[in-house]
Amino acid sequence: MTNLLEDLSFRGLIQQMTDEEGLNKQLNEEKIRLYSGFDPTADSLHIGHLLPILTLRRFQLAGHHPIALVGGATGLIGDPSGKKAERTLNTADIVSEWSQKIKNQLSRFLDFEAAENPAVIANNFDWIGKMNVIDFLRDVGKNFGINYMLAKDTVSSRIESGISYTEFSYMILQSYDFLNLYRDKNCKLQIGGSDQWGNITAGLELIRKSEEEGAKAFGLTIPLVTKADGTKFGKTEGGAIWLDKEKTSPYEFYQFWINTDDRDVVKYLKYFTFLSKEEIEAYAEKTETAPEKREAQKRLAEEVTSLVHGREALEQAINISQALFSGNIKELSAQDVKVGFKDVPSMEVDSTQELSLVDVLVQSKLSPSKRQAREDIQNGAVYINGERQTEINYTLSGEDRIENQFTVLRRGKKKYFLVTYK
């Protein structure tokens, strides 16, 4: 079996680590427990969380014991890492509800039923929530010097703009998580994004001060995902790309990966898939020699969409994509149309109402006037469910409805409009 750290290194998944030689020795000598934390700052995880989740999975596939820590307590405080301003605090009820949703999402990626090394979900509210202020200050806070904390990037980057004591203390709480998991579950490794390096090393320092001499614990950070064009990864014009299919449909999710820049696609295959080194190198060569085929992008989109949403959702996403590309809309189901044309302008009409094509083109603003609508039809620029219609006096009929629910109109190559029937 390929050495785990060598594989992570090939994939570019190691930003920094403490005591590489010691960690490598530990991983080869025993199957260790490791963790990564996920604060419930929304009701769903997004693709920015995929890298640490999939890194936990890589460790599990190598026989180690992953712990996914939901920040039921730290989510009430707010992590200042990477933030220019103070977070808005959410209520305990909301954080609790979001914690449960995130717990459910994590179960898609980690095997909690594995016979030898089942993954574990923990919630730091279970131990932080029980602490009183006196115990916290005496047992934990006394181990942290102010100068030590101010030197950490997560804090120093906020000194100018201001940071509350609440967020200032986040580092201490995360450090206590590591100490608690070290004591309670013999957890020896914390992994996180590169912006977590200061918090992770603070946790190692707390373990060193609190435990007997010779206590072994390690930290490893993974890179923050970047894009070659300089825009923020995981964001589109429509907002964040979520792992919850109700917030980002599998089709939109699939399209996000399909549209990956040639300059990024090989890196993302390494980051987000479990393809072998040989397979990835083959796709790198295909991207170099025949980028127009976009084979690497297709494989990336298939692998990640299947992983997050399952094979059935992937097949639906592919069907919608192919239908839109070929123009063969009538082959889609009503559900496919609903998903694929979610953001297209639409109007609802009575199912008994007769609609002339010219009137619909004007009402939908696909054509600015009846005269222009007639010209568009005559010139072959108007399509009903992907099929060209050249009859000026055409009236939409039941045959033009997909499952009696939708008619998709198109003018030119890209201007779509959706008619829905009630």
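Using the three backbone atoms N, Cα and C, a Cβ is placed for every residue, glycine included.
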(message) motif ''HIGH' region' per Swiss-Prot: which of the ranges 40-49, 160-169, 210-219, 390-399 is that?
(response) 40-49
(message) Labelled motif ''KMSKS' region' by Swiss-Prot, one stretch among 27-31, 97-101, 232-236. Can you tell me which?
(response) 232-236
(request) Grab the pLDDT values for the motif ''KMSKS' region' (232-236) and give me their mean, rounded. (result) 79
(request) Could you measure between TYR170 (L-tyrosine binding site) and LYS235 (ATP binding site) for me? Cα positions, answer in whole angstrom. (result) 26
